[in-house]
Every structure is written in C-alpha cells, then in structure tokens.
Amino acid sequence: MCEPGFARRREEVTGLNRITEKGLKDICKRDKLYQTPRLNDVLYLHFQGYQCIENLDEYTELKSLWLESNAISEIQNLTKLTKLKCLYLQNNLITKMENLEFNRELDTLNLSQNHIRKIENIGTDILPVLNTLNITSNYLTDSASLAALVECKTLSVLDLSNNRIDDILIVKIFEQMPSLKVLVLQGNPVVSRLPQYRKTLILACKELTYLDSRPVFPRDRACAEAWKREGYEGERKEVQRWNRAERRKTRESVNSTIRMRNRHLKPENQVPLLTSSDSEEEQKGISSAEKAQKRAEMEYGSVDTMWDEVSGESQASEHSTTSSTSAEDNESAGSQADHIAERISNRRVKPLEGRPKVLYDEAASGDVDSIVKLVTNKEENEQKDQNISEIEEQHKGKIVFIEEMNENQNASMGNQKAVSEAVETIGKPVAVDVNNTLSNSIVEPVNEQNNLASDQMEHLKGKRILIEKVDDIDPIKKELKYFDEAMQNKELKQTSELEELRDFTENLSSDVQEQAKDPSESDEEPTEEEMEVKSQLLKEQFQDRKQRLKEAIEERKTMQKNLEARKEDLNKSYNLFAKIMDDATDNVPKRVFGAGCDMPSKDWDKEECMQQLPLTSMEDSINGRPSSNDEDILTRPLTELTSAEAAEEICSQLDRKLAGEEAALRQLLCDLENENEILYSIETQIKYAESISVEDSQSQMVCASLLNDLISDVIYKDITEMGPNSYPLGPIESDEEYTYSEEPKLEKMVPPHLENPAGGKSLRECVDTFKEFFASKGNDKPRQESHTHLEKIRAAKALLKSKSLAEFSKDTPESLDAQLAKDEDRRKRHVAASAGRCFAKREKYDDTLEVVDNRLMVVKKDTGELEELPPPPELISDSESEKEVEEDDDAYDTAEETLQEYPRVPWTTPYKPKPRKAAEHLVNEAMQRILAEQFSELPDDTKENEPQEDEFFSLEAKETFGNLDSEFFQKLDLDKVTTANNAEAATECMRSYNELKACMKSGSTELQLTSEENEMLQEMLSSNEDLEAKHKSNDDPLVERDNELLNKMMQRMKEHEERARELQEQLEKEKEEENSGPIKLSMGEGSMLYQRWSPLSLTEIIDPQAEEGGRQAEEGGAQQEEGGAQSEERDDQAEGVPQAEEGVTQGEESVLQEEETHAENGVAQAEGRVLQSPEIYPIIGYEDIDDDDAASDFTTDYSSDDEVAVVVPPKISPAMLKAYYYDGFEEDMRMVRENEARTRRGLRAIMQKEKQMWKDNEEMAADMAPSPSPKEEHIPEVKTETETAKPTVETAKDKWAKIASRLNEFLDPEAMEQLESHEFGESDGEDDVDLTGLQNYDEESETECESALKETAEIGDSEKQENKTQDETLDPKDTEAITDVTLGIQRLKRQKLICQWEKIIPEDSKIGDGPTEKFLDQKAQDNPETTDERPENPKNFITLDYFVDTEPSESLEDTEATETPEVSTEQTLKTEQMEFNLDVLNDDGDVVIKEVTVEAQVTYQ
C-alpha cells in the first residue's frame, strides 16, 4: 500500500532539486517529525536529488543528518548545526573535505562513494571528538593523501577499503594514531604489497582490536610479538603455549565439574579426573624427575647427556626421554638401573643408543689388536662373573654365620656393615676392570677414549646399583673390625669420583679442538689408602695398571702437543681460504646464522649442517689425507664461535676493509683537490692578466657594443613573441600588411642566416655564442707568447679609428631604456589595433581563436580541430615603426580583410540573397564555364564567384579573389555539408536554384542590357555557336533524335512567343481579370514559381551521356506543349466567332503558362544531368517572367526585389582551387580577360537567336487564331488552369527529386533506413488523374494528343521512380518542408482539380473507349517493359491521396453552382473504410499485429 506522499516523493527523485523550507517541512511531515525545525534532532534528506546543502539554519538541534545518494558536490552551510554528531554524505559528488569547523561535536562522518583525493580538515583541533570515519571507495592513493590522519588523536574506527592505496609507508601513519582500534584496508593494492600484512599492522597499532574482516585477539598479538622477537620458531612455540593453556583451561573446567559430581558419589563410584602430560603439575613433576635423574647420573658417573651433546643427537632420544614421556616411567630408578645393567651385560647383542659403533664392531675389521682386546675383555668378564659368584656364596655363608651369633650385639649396625663390606669386596674388581680397560685403550683415538670412559661409568653405575640391592647382609666380625676404615675410604672415594666427574664434564663441554685431551688428565692420583686392597694378587695387578696409566698419560700429553701443532696449521689454512672467499664474494655469507637461531654450531640439526660448507672434507683435501666417515662430517661442529660472534668477526673484517678503501679514496680526493687548487690559481692569474690588458686597451668598448646589440635584439624578440597570457587574443598579426595566406616568393636581399642573428635565442645562448665565436677567432691565429706594449698601443689606436665605435659609445642606459619603452608602446598599440579589428570582424571568420596550453590556437568551426597560427610577421624596422607611431590607430581598419584557406560551412544566420549585378554575373559565369571545360578531367561541377566587390584590383588580388569566393563555394557544395545541417542545406540549395533562374529570366520582351553587356553577350553568343558546332559534330544517333524532338518544341515555342508578343497588352488585362475572378492561378503559400527557359538553353544543356529518363522528360515536355497548343486551338473553336478574341486571349495565357511549367521541368531535369555529366557546356539563358500571382514554395520564398545569381554546386577539389586561384596574379587577370571576350561572343549569338525566336513566335501566334469548334462550348475556361496544375506539381517534384538524388551523399545510413520506412509521400497515381482530363479532347487533336500522352506516361513513370528515390533518401526531419509542399499541392488538387474534372466529363461518356486508352493499350503491347510498371487493368484507376478530408457535400455544392444545366456530374469522390493489419513494435521490442481502420476519399474513374 502506497504512502500518501509517495507520488510527490517519486517526483522529487526524478530530477535534481534544491532544499527549500517548504520541501523540508513536507519531508518532516512524511517522516512524522516535528514541523518546528528546532525540535528535530534527526533529518532524512537522502535520495532526493539535491545539488547543494542549504536552508538548514533553523534546524539548530540536529544531531543526525542523512544526505546520502544526492548530487552534492560541496560541504557547506552547516555552520548553525553546532550539535551535529552524525553526518552521512555517502554516494555524492564531494571532492574536498571542508567547512566542518563549526561542527565540533561531530562523532561519525561517512564520506564513502565520493571523489575525495586527500584527507584534510578533520584534525583534533577541528573535530575534537571524531570517533568514526568511513571514506571507502574514493581516490586515495599514497601516504601523502593520508597524512592528516596523524592529527586525529581520538579517531578509533577508520574504514579505507576499496581505494587505490599502494604505499607501504601508511604503516608509519597508523603507528602515530594512538586510539586506532578498528582498521579496514581490504580492496587496496597495499594489502598484497605489505609483507606479513596482518602481523605488521598488529605490531604497528598497539590498540588495534579489529583488522579488516577479523578481530585481533590477544593470542594474535602475542604470536606477532613472538614472531618479532624470535622469528617463526618463536611464533610456533607461542602457538603451542597458547594451545596448552586452552586445553588446560578446558580440562580444569571439566575436572571442576567432575569434582562437584564426586562429592555426592561413593568412593567406588567416583569418576577419575582428567589427566594430561600438558598439565603444569605433571610438567613440574617431569622436570623435577629429570633434575633428580641428572643429579644421580652426575653422582654415579653417568655422562649420557654430555655424550648426546657431543655426538649431535637430540636430547629427546629414547634412552634419555623414556622417563619423561609419562609419569609412570619416573616412579622408580631401580627398574631403570636394572634395565641398564642388563643391557651392559648383553652389549654384544645390540649396541646402546648414543654409543659409538666401534665398541661393538671391532671384530669385523679383522685387526689383531682389536681381537686381543676382545679376548682380554672376555677373560676380564669371566673373572668378574666368578668374583660375583664367590661374593654371593660368601653372602650365603655369612647369613648362616650371622644366625649363630648373638643378634642383640649386632642389631644396631647391620645395614652399615653390610654396605661397607660390599663396597670393599666389589670395589676392588671394579678398579681392576677400570685399569685394564684404560690400559688396553691407550692406543685408541680420542673419541674412543671418551666412549670407553663413559662405558666405565656405566659399569660403576651398574655396580653401585647392585650394592643398593644388598639390604639383608649382616656384618661379620671381621667386617666390623674394618668398619671405621671402610667408612673413611668410602667418603674419600665418593669425593674423588665427584671430582673426576666434574673435571670430565668440563672437558667434554670444551671446544672441538680440545676433544683429544684426556678426560682423566686432571684427575688426582688415587691415594694409597684408597687403592689399597687386601688381596695381594689384586694389589700387584693394581700396581701394574697404575704404572701403565702413567705411561699412557705421558703419551697422551705428547699426542696433545702434536694435535695443537696440527691445529695451528689448520687454522692457517682456514684463514687463507676465508681470505680467498672474502676477496671473491666480498659479502657476508648467506648462511652464517644457522637456521635463523643464534646457537652454537654444534647444536644445529643435520639438515643445517649439510647446508654449510664441508670444512672437514676441505681440511682433508688440504692435508692430502682421506676424509673421515660421513657421520663425522655431519656431526662435527664447524666453528668454535656462535653465529653472532662469527657475524661480528666477519663484519669487523669488512669494516677494516672498507676503512682501508675509504682512506684510499680520501687520499685520492685530497690529491684531486690539490690539483684543482693549483689549476684554479693558474686560471685566476691568467684571467687577472687578461683583464689588466683589456683595461689598458679600448677593445672593451667594442665587445660591449657587440654584446649590447645582441642583448637588445634578444630582448626585443622576447617582447614581441610574448605568450598570449598577457593579452586576450595574443599576438594577432596585422591584417594591413600580412595575411594568413601564403606569402609571395621573393628573393631576399639578405641571406637567411644573417637575417636575424639573435632569432630564437636567449640571452645566455647569445653570450655563449659570442664566447665560442671569440674563442674560435682566437684559435684561428695562434697567440703570440708575449705582447709588447707597442703592439697593444697599435691595437688600441686601430680600435679608436673604427667607424662603429662612435655609434656604440653614444648609447647610454637612459637612451636604451627610452628605446625599449618606445618599442613596447609601439608593440602594444600594434597588438591592440589588431585585436580590436579582429574582434570587430569576428563574424567573417569561420574559425575561432582560443588559448590552449598558453598558446593561441585556431579552432576549426566544423571539426573542432586545433591548428597552429600562421607564422607571425617579421620584426618591424625602426623606420617603419616610427611611421606607424605617427599614423592614426584607426588606419588599420582600412585594411582588406582576408580569410583563411580552411573548409567553410554556412553560418547559422538566415541566407539573404544579394542584389544582382548583370554584367559581373555574366562575366563570371562565362569565365567559370570555360575553366570547367579546360579542367574536364576534374569533377564536372563549376564554380562561380559571389559578386561581393566591384573590382579586384589590389596588390594582393590573388588572395582576395580566392578568399572572397570561398564562402559562396562552400554554401553551394552539398558534399561538404555536414549531417547536422541537412534541412538547412536543402533550403540553401533550393534558394540558390531559384536565384539562378531569377537571374536568368527568359520571358521578357526585351533584354534591358547596357552597351557593355550587349558587347559581352555578342562575344558569348559567338563562342556559344562554336561550342554548339563542336558539340553537334560529336553527337550520336540517340542525341540526334533528341535534338529533332527539341527542334519541334522550339518551333512551337517560337510560334507561341510570336503570338504572345502581339497579344502582350491583352495578356496584361487578362491577368488583372483573373486576379479578381473566382478562379485564380495563384495557389497560395507553399507553391512553386513558374519559370520558362528558352529552347536554346535546353538544346545546349543536352549531354551525349545523359540518361534515358532525362530524354523522356524533355520529350514529354515538348509534346505536352504541343498538346497544350492544340487544345488551345480547340478552345478557340469552341468559343465561336463572337468569343474568338477572348478565346485567343485565354488560350494564349494557358499556352504561355504551360510552356513555362514544361520549360521549368526540363530545366530541372537538364540541370540534374549537368550535375552528373562528365563535360560541361555553357548555359546562357534569359530572364524569367516573374508572375506576382504565381504561388511559391515556402522553402524558396524571398523578396521579389532581391535577385542573386546562383549556379550548380561545384565539386572542384580544394587543391585545384588553390592551384588555380593562387598561381599568379597576372595569369589570373589574363584568364579573366579571355573569359570576358568569350562571354561577349556568346551573348551576341544568343541575341541573334533571341530575335529569330521572337520572329518565329509571332508567326506561330498568327497561325493559331482559327475559330473554335462548337463541340467544346460546354467546357469551362478552368480547363486551361487544370492543365497547368500538373506541370506545376511535376516541376516541384523534379526539383525535389534532384535534391533527393544527392541526399544520400550526406545522410547517414540510419536516417536513410528511417526514410525508407516513412509512411507519407506523394501519390504515384496522381499523374494518371491528370491524364484523364486529356481523354475528352476532340478527335481532331487525336494525333497530337497521342504523342503528348506517350511522353506524359513516360514522365509519370520517371516521376514514380524519382518519388521512390525521394522517399528512400529523405530523412523524416528533412522532409517536413517537402511534406508541406506536397500536401499543399494535393489539397489544391482535391478542392479544385478533381471536382472540376467531374464537371467536364459527360454522364454518358465511356472513358475506357477513348483514343487515349486505345493508345495506352497499344503502347503497353509494344513496350512490355513499361507494362509491368502500369496497372493490369488500365480502365479502372484508383489513386489514394494523403490529405485532410473535407466534406464531399461542400465540394459538390461548389461544382453544382458552376455547372451548366446540360451537363450531369458523375459521383467520383467516395469515402470508404479500409481495414488492414500493421506490425508494430511495442516498448519491449516485440512485434505486435494491430488492426487499423482508415477512412479515405477514393477517386474512381
């Protein structure tokens, strides 16, 4: 359901409106707001089509204003809205942010979908509480357009999406916005250009909570900060930490729920809590267990962790992390110890992880030493097993013995004694095992020694664990004796073991180069007390082992020295290679820092190690020895330094290198400066010496004079060529001396290179040129090494004697300033006069002058193209300029104005014909036609000058002669008329055509020519006879037949004219009577003028190549004139003797009018042929009879006093015109004189033919005076008028057909298509209606009527074709004038002609049996080609005319009033309804068939 104001609202939206007080109140009423403006706090003005903001001063309490989707281009008139908080201006045409100083409470501003290129005027000083800014879909591009955001300290929401921002420096702007929380940048190129876009913006904006389409969570910010600190690895760890925290939080919430449930459940039914390795408690337990395990391993001599670091294995290997994977594995250390002991006992089965393979694969190598060691180890193992078994047996015996003892005495010390005894018994073989192992492994490499040491620690740990299991052993008496001593030994041993472990750990964590050092080197020698054993055998073995250990230690020291020497050699080679690499690359290696983390190279993973340079293999290649195994290459650390230290070392080397280069450059610059100082001192000395010598002489004056001359020329040229900014029209050249046409080619007295020495050069260029000239002159002659004072004096005297010295020295600054002022004043007057004159004559210029890019350009009127101005005139000499100063400024107005040689189109002002000047017209016409004959290879059109001036005698006659006629030529050339002026072009063409005929009237009794004109006419006639004889010699049979037909017409025309001269006085009286009578010749406004051409002109026009249709038209015109003459004889006979004189008068009048119309028709068709014929012959005609009562077409109406000579539109190309008019003045004048002579000869021939024609006309008029026939007494006099009406229509149609035949040359295809589908036009059958009037003539004129009807039928066919062409070519807009003319003729025919023919035809007459129908049938049989164009049944003609229907009764009453009683009218006008279907396109473009009923008057005959 529509709102009441919906219609009004729709009207407001349709167009652009303005905000008015009434409109605002209507909107408030529609939106149910207050009618009092100050009571409203919101106002909805969106989608209203407003152009500007206005009339809102009374709405002072507004807090929200909606102005979106309008056409607002400027923010204005908001000064009174001081409480405004929200302003919505999206979808408008705003280009600048301004005029918001008074809206200090503005919180939200929406300017999206506008044309803003820069953010401005919204800082905190202007809008202190601005919180939200939406400026999407604008034209923001870089950081400069966003720089004003730094001043918005309170802005928290910023939407910049869908702009054109591509500058990554905007991040710096966002960093300086302290309150920015929401930022939208999507849709800008910078999003893809900014690396790590989201992390970068999160780090830049500390308060950012929402970026683009996603929020910024604390987790995102924490990950971004971790990424900034530690790279991607730190970000990964941070993500894991947040994931654990989230899982812990979820688990705690679930456990709290479980605890709440378990409170109300029995213990056996309670649900266990969720546990995970990620919980902090479990992590703490794992970490504490790991710490305890490491502490125990340190105490008991385990070095697994240290070995992991040395071997490159990760600390998360199985053997070190099995206890950390779950809490259950960390319950007890005993089970793990048992597992290790078992694996130690079965080492041969599978080697332990982290141990070197050499310990287990020695037998595979087949080495004798390894086999010996394996055998020795086997024996030692057997001995250890035997000792263990003995100890177990001793334990059993001890247990039995203890049972027999007094339990009370030993109860207090059972466990301690057992432990001490176990230590004494078990420690001895362990020590021996250690010694044996060390003695056998002295010859092994450093790595193997370390492995063995770690293996020994494993044995110690295993034995220690076994001792802890012995809890049930009770001390015996012997053991109790040594209890105190054993405790002391135990303490000492533990201390020594801890020290050994500490020292060994330090050795293992040292550098790679110190790996060869014996880990037991710093071990203290065991004390005698510690090493003392009870067994003598063991004691001896211990001593032996001890001795071997000492030897091994000494040998190890020697090996260490050798290793250090070797290390030094390697360091030298490494340094040499590094130097070579630095010299080759001169850059820091790309992979110095190892996986992006600053850690020792020994902690790098295998992949990182593989990516480094294989220094070990390089070392091997340098030393010439084979490389070690692959695992050493991958696991051995590459450098002893961390990556940071390595980078610092490399940077320091580069700094030293750069410092050396910088020092070298500084030295080089110092040397160059010293050389420059030396050269400068030498040059200054030379210059000083030269200046002294110049001052001594007087040559300075000569140089100064030359420079002053050049400077004055340059300054004057700069002034004269000043740009057009200072003056409205710029430097327009003088029309008095210079034109835009080509200058005459004259030989210049001064060579071009000397004509203007300072042309186009600035002051600096002139000075440089003078310096080059001076230097070249000095270089031509080698300077003498020394100049004596005598030579200087001679040179000074020679300079003083120079002639130009006095002239140069007389100039003073004051005189030069006065000269410059005079030149400036003269230039201003020159420019002002030229500009004023040009502006005063601006109507004559086709083109306009406009300032484009600080230059004055010529803008073409028809095409709009820009062209450069012609070159300005040369500099005016001082003598000429002084004369111009004395002349009056108005003297420029007398200059002859000339036009540019550009294509022209008619102005939009109405065309006004000029008064005819007969002599000039004839001279120019003859000249143009002779020229056209000479240029027969060009297009077959002629040109004629518009007689604008009396004479063309001036110094620049050729330019004037060409330019004055260019406008008239363009008006006549239809090819150059643009499609925008089609109607105007058609009107201009018709006017020109009628002006031509008005100028060449041929019906007056005598030619009112002057003596000069008669002479020229005689010359033109003589030349015309020559041309006619030449033309007849080249005719073919077809042309001869046409000439015969035309000769017959000429004979009849001569008879008519002879008779017309005798009855001229009676004709004048008849005209007066006809003007006062009820039936007039005048057809009212819109009809054509009746004009007649002489037979001579028609004969001369005929072209051998003319079309057949044109010949038929001419033959029809001649034969219809014959028919008109014979019908006039019948009129005379019908009147009888008493009415003979009147019949003669009326018959003569009808004959003359018919002849006029047929001649006019022939002229139109002949002229149409002239437009297309390849050759042109002169057309010389007579003045037409201007009938004041003759109706004229409204397209050719003009004052009868104005007559202008107009010729056929020319087609001569502009290049040929230019070549003809501008080749030379003398040649032009010579051709003019020749053309004048030819014109005089042609005029004389025409005058002779004119006299003969009048004589023949008098004889013909005398022959046509017999008495009328009584059979035709009942035919009224209006018959002659009716006969005259048909040629009138034919003449108009011929004229328009001529135009229509050429309209397709300048109409676009769309207009032609519209014209083809046009519905209205002239009827093709109206000529047949007129033909029927000729069928009732008497049988006496049957022979003459047959020939007339034959040609008339051919004319009708040709007219049908012409009408068809006209309908197909004319545009509906262009045919409005044609339609009016056609309707006027048809209305006249309907009202007069048709009804009057009804009175002529008798009731009992049989139309189909007349001689005319018989002739038509016979002609149709003879000519089957033309039969197709005629109706099948010629006896029933039906013609449809488009007209405004009038009542048939009225026309019948009028005809009955004038009808004689003897004649009964036949009802031939009927109004019938006709139904037919039309295919019509609807609005959607679909074809719809509609049934249409039309009522029309149909004439049946």
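From the backbone N, Cα and C atoms, a Cβ is placed for every residue, glycine too.
Across the repeat 'LRR 1' (38-60), DSSP helix (H, G, I), strand (E, B) and coil residues number 2 helix, 4 strand, 17 coil. Taken from Swiss-Prot, the feature repeat 'LRR 1' covers 38-60.
What Swiss-Prot lists as repeat 'LRR 2' is 61-82. Cβ atoms under 8 Å from those of the repeat 'LRR 2' (61-82) belong to residues 16, 38-55, 88-100, 102-105, 110 of the same chain, restricted to positions at least 6 beyond its ends.
Break the repeat 'LRR 3' (83-104) down by DSSP state and the numbers are 0 helix, 3 strand, 19 coil. For 83-104, the entry in Swiss-Prot reads repeat 'LRR 3'.
The repeat 'LRR 4' annotation in Swiss-Prot covers 105-126. When pLDDT values are averaged over the repeat 'LRR 4' (105-126), the model yields 95.
The feature repeat 'LRR 5' is assigned by Swiss-Prot to 129-150. For the repeat 'LRR 5' (129-150), same-chain residues at least 6 beyond its ends with a Cβ under 8 Å from one of its own Cβ atoms are 90, 104-123, 156-167, 169-170, 172-174, 176-177, 184, 187.
Same-chain residues lying 6 or more positions outside the repeat 'LRR 6' (154-175) and placing a CB less than 8 Å from one of its CB atoms are 112, 124, 128-143, 145-147, 181-190, 193-194, 200-201, 204-205, 207. Taken from Swiss-Prot, the feature repeat 'LRR 6' applies to 154-175.
Away from its own ends, the domain 'LRRCT' (189-227) comes close to residues 156, 164-168, 170-172, 174-175, 177-183, 234-235, 237-239, 242 of its chain (Cβ-Cβ under 8 Å, at least six residues beyond either end). The domain 'LRRCT' feature in Swiss-Prot is assigned to 189-227.
The region 'Disordered' annotation in Swiss-Prot covers 245-346 (among others).
Swiss-Prot lists 313-327 (among others) with the feature compositional bias 'Low complexity'.
Summarising the annotation, Swiss-Prot assigns region 'Disordered' to 508-531 (among others).
Among the features that Swiss-Prot reports, compositional bias 'Acidic residues' is placed at 521-531 (among others).
Here Swiss-Prot flags 808-827 (among others) as region 'Disordered'.
The feature region 'Disordered' is assigned by Swiss-Prot to 862-891 (among others).
What Swiss-Prot lists as compositional bias 'Acidic residues' is 877-891 (among others).
Among the features that Swiss-Prot reports, region 'Disordered' is placed at 1021-1086 (among others).
Among the features that Swiss-Prot reports, compositional bias 'Basic and acidic residues' is placed at 1027-1045 (among others).
According to DSSP, the repeat 'LRR 4' (105-126) comprises 0 helix, 3 strand, 19 coil. Taken residue by residue, the domain 'LRRCT' (189-227) breaks down under DSSP into 22 helix, 4 strand, 13 coil. The helix, strand and coil residue counts that DSSP assigns across the repeat 'LRR 2' (61-82) are 0 helix, 3 strand, 19 coil.
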